[in-house]
């Protein structure tokens, strides 16, 4: 009789431990799921970068930025002074200061460079030879300016959807980017309003350059 009681006691003790163990496992799984669904907390803040966007009138700066902000480009008016747009991306927010590109405004561009962390230069790849020469001179001046020369550059060869558009290789050669920008952080990309995925990819590459520069500054 005593042996039987001991065996039953051991059986129920083992059964109880196993049952309790399974309950604890299920309880832990439940709380993990609960925390995953309800207790994530606020997402980490996206870094913000202040950029300056320059280019001649008619290069398409305003239309590109408006499209990136999901605004209709149909009623876009060329910027005469400057405007600021906050352009959100998945991993960063770009505060872009666009400067007007008219002849009487370009001489004041440098007054707005201070505080910039990166540069966007938009050129009309289908423009006349005279305008392309002017754009080249302005880009060369920006690349060598003391407040911009160490910053990442995104150079957009816009209006690639036009028949007269020059290819990226033609633009690179004409603008003499290889010798002039050697050792600098720069990206040259084709773009048009018809290909927003390519445009967003270009800005993602720029964000990568901005993050790299941030990391280098931290290491220093």
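Cβ coordinates come from backbone N, Cα and C, glycine included.
Unlike curated records, TrEMBL annotations are generated automatically.
Feature annotations, reproduced from TrEMBL:
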- 55, 56, 57, 58, 59, 60, 61, 62, 101, 158, 159, 160, 161: GTP binding site (BINDING)
- 62, 79: Mg(2+) binding site (BINDING)
- 1-16: signal peptide (SIGNAL)
Spatial neighbours of residue 79 (Mg(2+) binding site) among the binding-site residues 55, 57, 59 [C-alpha, 10 Å]: 57
Neighbourhood of residue 161 (GTP binding site), C-beta criterion under 8 angstroms, separation at least six: 192, 193, 194, 195
Residue among binding-site residues 61, 159 with least C-beta crowding, 10 angstrom cut-off: 159
Residue 62 (Mg(2+) binding site) versus residue 101 (GTP binding site) - Cα distance in angstrom: 11
Other C-beta atoms that fall within 10 angstroms of the C-beta of residue 62 (Mg(2+) binding site): 23
Inter-residue Cα distance where the pair is residue 159 (GTP binding site) and residue 62 (Mg(2+) binding site), in Å: 13
